[in-house]
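Q: My questions will all concern the structure given below.
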Amino acid sequence: MMSGKHFKAHEVSCCIKYFIFGFNIIFWFLGIAFLGIGLWAWSEKGVLSNISSITDLGENSFLLKFFSVFLGIIFFLELTAGVLAFVFKDWIKDQLNFFINNNIRAYRDDIDLQNLIDFTQEYWECCGAFGADDWNLNIYFNCTDSNPSREKCGVPFSCCTKDPAEDVINTQCGYDIRAKADSEQQSFIYIKGCVPQFEKWLQDNLTVVAGIFIGIALLQIFGICLAQNLVSDIEAVRESCLFT
């Protein structure tokens, strides 16, 4: 009994709880890297079935601790990946070259892959991994004498420079283009490869890319602090209940 004394009960901060809930939603929308966190938050906290359940005092502090640790692990992995990417940038460039060339070989085999390559070449205004001749890797576009394809010695339309006056895409603009001299090719197609164009894009947008990664890192640290704060509040409430 604690008669004659005023006992100030601890309370779990509703603001922090709602901050964590909103924080999980934001990360859910950031992409695949945080999809697991978002799904965990929505399912384990019962958000899908009852939105009011996040205000219950009987919250599971173990899940919050797991969330905090899991977020910390992701932060560490991202930091490690960033350091490794800087140290082994030449290896990454080789892997990107290998990836693009493999996709060039399978260009006509998968419509989704074909659309991805076309989008990449149009967006970065490039052709092939390091140049248009990389399309020799494809059985339809190579320049060998035994190739019966009408696309022989050509490139996909996504390699072609765009004419603003054209409303309809000319899908045959790359036919026979690599049979021409290099000096003539540059008037019709992009001559730079996608790997160097990607490097140039990174350099031109380095501040934006760095800002995005720093922002994500700060959000993760903020989420860890909120989770730990909420765990402390819940444990304080539980301890105070033992004395009432």
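Note that Cβ sites are derived from N, Cα and C of the backbone, with glycine treated the same way.
Automated prediction, rather than curation, is the source of TrEMBL annotations.
The structure displayed is predicted, hence computed values, not measured ones.
Sharing the record's features from TrEMBL:
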- Cys126-Cys159: disulfide bond (DISULFID)
- Cys127-Cys143: disulfide bond (DISULFID)
- 21-42: transmembrane segment (TRANSMEM)
- 62-88: transmembrane segment (TRANSMEM)
- 206-231: transmembrane segment (TRANSMEM)
Q: Fewest other C-beta atoms within 10 angstroms of its own C-beta: which of the disulfide-bonded residues Cys126, Cys127, Cys143, Cys159 fits that?
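A: Counting other Cβ atoms within 10 Å of each of the disulfide-bonded residues Cys126, Cys127, Cys143, Cys159 gives the minimum at Cys143.
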Q: Distance check, please: Cα of Cys127 (disulfide bond) against Cα of Cys159 (disulfide bond), rounded to an integer number of angstrom.
A: 5
Q: Could you give the Cα-Cα distance between Cys159 (disulfide bond) and Cys143 (disulfide bond), in whole Å?
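A: Distance (Cα to Cα, whole Å): 17 Å.
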Q: From the Cα of Cys143 (disulfide bond) across to the Cα of Cys126 (disulfide bond), what is the distance in angstrom?
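A: Their Cα atoms are separated by 20 Å.
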